C-alpha cells in the first residue's frame, strides 16, 4: 500500500493539473471502488473549483469552492495519471505504457484548463468520498490520526509522550497511525535503521521515567524526517503498483538500506553485519541485528 512519500508524490503531480482549475466533467465508470460511490458525487463536483490539494497521512484532500472536501485514497493498486494534449483534446499528450489497460480506469476528471485526470485501480481498494465542512472532523478515516511526521509539531517530545508506557515494540508503535500518521512498513524499517534502533525494542524506551524524550527519540525523529524527505525527492518507492502522475516509476527502492535486502551486507559505515528478516505482527521486518540495538 502506498505510504506517505508515494501519496505526497501523487499530490505534487496532481496539483498543477487540478489546483485552481474548475471541474467541468466527472465520470464514474462504475458504482463502487472499495465502497459504493455517493449517488450525488458528480453533482457536487461538477462546476466546483479545486481551491487546493492537500494530504493527511495517506489520504488526498481536494478542497472545493463549495466548501466540500473530496477525500481520496489510493488503496493497494490505485494510481492517477494526468493527460494533457492529444489525449485530452489538445496537442502534446503524454502517458506511460503501464496505463494502457483502460479497463481499470474507473474515475475521470475533466478540468477547465484542459487536463484530464484519470484514476486507475485494478484491485479496487481505493476510494473517494465527498465531505461537507461539518463532516470532516468526524470522518472515521481521518479522526484520531497522529501528527504529520514532516510537520512542525512532530518532535522528540511528542513521540516520547505517545510512546511512554507502551509495552509494544518500537516498530508496532510507529505503524500505529494514532502515534504518527502516514508511516508504513517500508519507511518504518528504513527509519529504524537510520536511527540504529532495533524494531524489537520497547516503544516505552523512547521516554525517561518522567516522560522526557531520550536521545533515542531525538535520533528516531531525525531519521524519520530524513528518510521521508529522501523518498519524496526520489518520487517514492515503486515495488508493485506505485507510479507518479506522469506514469514514471519512483526510484527510492534503489536506495533501501534494509528493506527487501535480506542476506545482503549492512550499509552502515563500519558495520560488517548482514540484513536479516523476521515476521513481526504479520509483516516482514528487515534490520541489521549487529548495529540496531
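Start at 1 and count along the chain as shown; that gives each residue its number.
Cβ coordinates are placed from backbone N, Cα and C, and glycine is handled just like the others.
Just so it is clear, the model here is predicted, and its values are computed rather than measured.
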According to Swiss-Prot, 104, 166 bind DNA; which one of 123, 209 is listed for that same site? 123
With Swiss-Prot as the source, identify the stretch among 220-256, 257-293 annotated zinc finger. 257-293
What's the longest C-alpha separation between any two of 104, 123, 166, the listed DNA-binding residues, in angstrom? 43
Closest by Cα to residue 123 (DNA binding site), out of the active-site residues 2, 58, 283, is 2
Intrachain residues whose Cβ lies under 8 Å of the zinc finger (257-293), provided they are six or more past its termini: 169, 171-172, 175, 185-186, 189-190, 192-194, 196-201, 239
How do the residues of the zinc finger (257-293) split into helix, strand and coil according to DSSP? 0 helix, 12 strand, 25 coil
Among 2, 3, 58, 283, which are recorded as active-site residues, the nearest neighbour of residue 166 (DNA binding site) by Cα: 283
Measure from the Cα of residue 104 (DNA binding site) to the Cα of every one of the active-site residues 2, 3, 58, 283, then give the nearest. 2
